[in-house]
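Enquirer: According to Swiss-Prot:
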BINDING   His48, Asn113, Leu114, Tyr115, Ser116, His118, Glu178  heme b 1 binding site
BINDING   Arg68, His84, His157, Gln228  heme b 2 binding site
BINDING   Lys77, Lys81, Arg150  L-ascorbate binding site
DOMAIN    13-223  domain 'Cytochrome b561'
TOPO_DOM  25-46  topological domain 'Lumenal'
TOPO_DOM  68-82  topological domain 'Cytoplasmic'
TOPO_DOM  104-120  topological domain 'Lumenal'
TOPO_DOM  142-155  topological domain 'Cytoplasmic'
TOPO_DOM  177-201  topological domain 'Lumenal'
TOPO_DOM  223-247  topological domain 'Cytoplasmic'
TRANSMEM  4-24  transmembrane segment
TRANSMEM  47-67  transmembrane segment
TRANSMEM  83-103  transmembrane segment
TRANSMEM  121-141  transmembrane segment
TRANSMEM  156-176  transmembrane segment
TRANSMEM  202-222  transmembrane segment
Amino acid sequence: MRGIVGFYITYLLCLILGIACVVLVVHWNFMYRDGFAWDGSSKNFNWHPVLMVTGMLVLYGNAAVVYRIPLTWGHNKLPWKLLHAGLLLLSFIFSVIGLCAVFNFHNVHHTANLYSLHSWVGICTAALFTAQWVMGFTSFLLPCTPMAVRAFVKPTHVWMGAMILVLSIVSCISGINEKLFFVLKETTNGTKPYSALPPEAVAANSLGVIIVAFGLVVLKILSNQMWQRPEPGDDEGVYRPLAYDGS
């Protein structure tokens, strides 16, 4: 019972932090960066952080922990596979649109693409995520895939999932930091410099801290052996979350 209570407290924290990430990134870009548009202006760029944080981080993180929810244990796994794959697909769509937003902004302003460390890590993360989704779909959702193949692929699939989350966190916080260095320059646009810690810097830095906290909570859920979904034949195929203590 204690293991289950601990899970739901941690999972509630995961949900709260995820919502906070989305709210803060929208607040930052709406209140301090003038909102959103799709016209090649800076408002066009603002879609990039919002969609990447929402897609590659929050939706991705929640998709990763679906199988850990005890209420799903002992039931047909297919609906949860579909939910897992669906959240990841939505995450992929958000991420693609987010990448299109930044490429469109750069192209309109004749700015080079993929030159910074942030962009290198980010595009590698997106590529790995795409490969991970394709591997997961072909290995675990196609009924024709042999069980031996699924068993062979699963450890790599799980490991890659955690690594992609870590890379997403790195991409998000490096992107936030890069953006603040670009826009908070007293000598070029009259704003207070980043070093003076104006309100925008406080809001964006707070977003970065919450992103890290969200990622750590998701990794905690994924790494706790007590919260792993019991496999068939492990004497835990019966749905019993209220009595389950992780032993």
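Cβ atoms here come from the backbone N, Cα and C positions, even for glycine.
Please situate the listed features within the shown structure.
Expert: His48 (heme b 1 binding site) falls within a helix when secondary structure is assigned with DSSP.
Listed in sequence order, the residues of the same chain lying 6 or more apart from Arg68 (heme b 2 binding site) and placing their CB within less than 8 Å of its CB are Phe7, Tyr11, Ile221, Leu222, Trp227, Gln228, Arg229. DSSP assigns Arg68 (heme b 2 binding site) to a helix in the three-state reduction.
Look at Lys77 (L-ascorbate binding site): DSSP puts it in coil.
Residues 53-54, 101-102, 104-105, 107-109, 183, 199-200, 203-204, 207 of the same chain lie 6 or more positions beyond the ends of the topological domain 'Lumenal' (25-46) yet place their CB under 8 Å from a CB of it.
For the topological domain 'Lumenal' (104-120), DSSP puts the residue distribution at 9 helix, 0 strand, 8 coil.
Shown for the topological domain 'Cytoplasmic' (142-155): DSSP residue counts in helix, strand and coil, namely 9 helix, 0 strand, 5 coil.
With DSSP states grouped into helix (H, G, I), strand (E, B) and coil, the topological domain 'Lumenal' (177-201) comes out at 17 helix, 0 strand, 8 coil.
For the transmembrane segment (83-103), the residues of the chain that approach it from at least six positions outside its boundaries are 38, 44-52, 54-56, 59-60, 62-63, 66-67, 113, 123, 126, 129-130, 133, 136-137, 141, judged by C-beta separation under 8 angstroms.
Distant neighbours of the transmembrane segment (202-222): 7, 10-11, 13-14, 17-18, 20-21, 24-25, 27-28, 31-32, 53, 57-58, 61, 64-65, 68, 158, 161-162, 165-166, 168-169, 172-173, 176-177, 179-180; these residues of the same chain sit at least 6 beyond its ends, with a Cβ under 8 Å from one of its Cβ atoms.
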Enquirer: If you draw a 10 Å sphere around the Cβ of Glu178 (heme b 1 binding site), how many other Cβ atoms fall inside it, taking every protein chain shown into account?
Expert: 14
Enquirer: Per DSSP, to which secondary structure element type does Gln228 (heme b 2 binding site) belong, with helix, strand and coil as the options?
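Expert: Where Gln228 (heme b 2 binding site) sits, the three-state DSSP reduction gives coil.
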Enquirer: Measuring Cα to Cα across Lys77, Lys81, Arg150, which the record gives as the L-ascorbate binders, how far apart are the two most distant ones in Å?
Expert: 14
Enquirer: Measuring CA to CA, name the entry from the binding-site residues Tyr115, Ser116, His118, Glu178 that ends up nearest Lys81 (L-ascorbate binding site).
Expert: His118
Enquirer: Looking only at the topological domain 'Cytoplasmic' (142-155), report the model's average pLDDT.
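Expert: Computed over the topological domain 'Cytoplasmic' (142-155), the mean pLDDT is 94 on the 0 to 100 scale.
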Enquirer: Out of Lys77, His84, Arg150, His157, which of these binding-site residues is nearest Tyr115 (heme b 1 binding site) by C-alpha distance?
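Expert: The smallest Cα gap between Tyr115 (heme b 1 binding site) and any of the binding-site residues is with His157.
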